[in-house]
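Colleague: In case it's useful when we look at the structure, here is the feature table from Swiss-Prot:
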- CYS113, CYS116, CYS119, CYS162: [4Fe-4S] cluster 1 binding site (BINDING)
- CYS123, CYS152, CYS155, CYS158: [4Fe-4S] cluster 2 binding site (BINDING)
- 104-133: domain '4Fe-4S ferredoxin-type 1' (DOMAIN)
- 143-172: domain '4Fe-4S ferredoxin-type 2' (DOMAIN)
- 1-34: transit peptide (TRANSIT)
Amino acid sequence: MYRLSSSMLPRALAQAMRTGHLNGQSLHSSAVAATYKYVNKKEQESEVDMKSATDNAARILMWTELIRGLGMTLSYLFREPATINYPFEKGPLSPRFRGEHALRRYPSGEERCIACKLCEAICPAQAITIEAEPRADGSRRTTRYDIDMTKCIYCGFCQEACPVDAIVEGPNFEFSTETHEELLYNKEKLLNNGDKWEAEIAANIQADYLYR
């Protein structure tokens, strides 16, 4: 809101004449404009105060959050680490962990697989290929047992379907390779895995026996 002060009108007229406003309309307009005063200063001051308060609150909040974050960081320096020093340290694995595949043998050394092909039939990724032939005693044994590990989804269906616990997913999870061909497992590779991890595989099957 602006208000015209009559006491300042002569001074404003003189100032307008000095600045070159000689015509009457321009002289009167300049003089009137020079005599306006903004009298509603409380609203302007309140806006300035509100802005200052907002800036101060934001500044205080920023420093508060910064100090709180630094305090939390320092508190974790004196706690036990939540991570392990892998690969020199390894965490526990569940007996149901599904890792690298393996073919097992009986304690006598005879391979367990009876070439029923249930694992091949149930595999949703069609990663298993089996060929078999009968023996002289009438039993069937595999002549070919291949698993394409690049197709395998580690669902565990092959292990669940096997009636003699021949094909299993062992505890090994460190079997990365440099070539694609190394992930095409044949029967010899699978039997070697079974011989290597037999103790752990047998213990896991025994631990999970009551829940199957």
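Numbering starts at 1 and runs along the chain as displayed.
Every residue, even glycine, has its Cβ placed from backbone N, Cα and C.
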Colleague: Have a look around CYS113 ([4Fe-4S] cluster 1 binding site) and count the other CB atoms within 10 A of its CB, chains all included.
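Modeller: For CYS113 ([4Fe-4S] cluster 1 binding site), the count of other Cβ atoms within 10 Å is 24.
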Colleague: Here the binding-site residues are CYS123, CYS158; which one has the lowest number of other Cβ atoms no more than 10 Å from its Cβ?
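Modeller: It is CYS123 that, of the binding-site residues CYS123, CYS158, has the fewest other Cβ atoms within 10 Å.
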Colleague: Using DSSP, what is the helix/strand/coil residue split across the domain '4Fe-4S ferredoxin-type 2' (143-172)?
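Modeller: Its residues fall into 5 helix, 9 strand, 16 coil.
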Colleague: What is the number of residues in the domain '4Fe-4S ferredoxin-type 1' (104-133) that are helix, strand and coil, as DSSP sees it?
Modeller: 5 helix, 8 strand, 17 coil
Colleague: Taking only the Cα atoms, work out how far CYS155 ([4Fe-4S] cluster 2 binding site) lies from CYS113 ([4Fe-4S] cluster 1 binding site), in Å, as a whole number.
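Modeller: That separation, Cα to Cα, works out to 20 Å.
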Colleague: Using the structure shown, find which entry in CYS116, CYS152, CYS162 (the binding-site residues) has the sparsest Cβ neighbourhood within 10 Å.
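Modeller: Each of the binding-site residues CYS116, CYS152, CYS162 was scored by Cβ atoms within 10 Å; lowest is CYS116.
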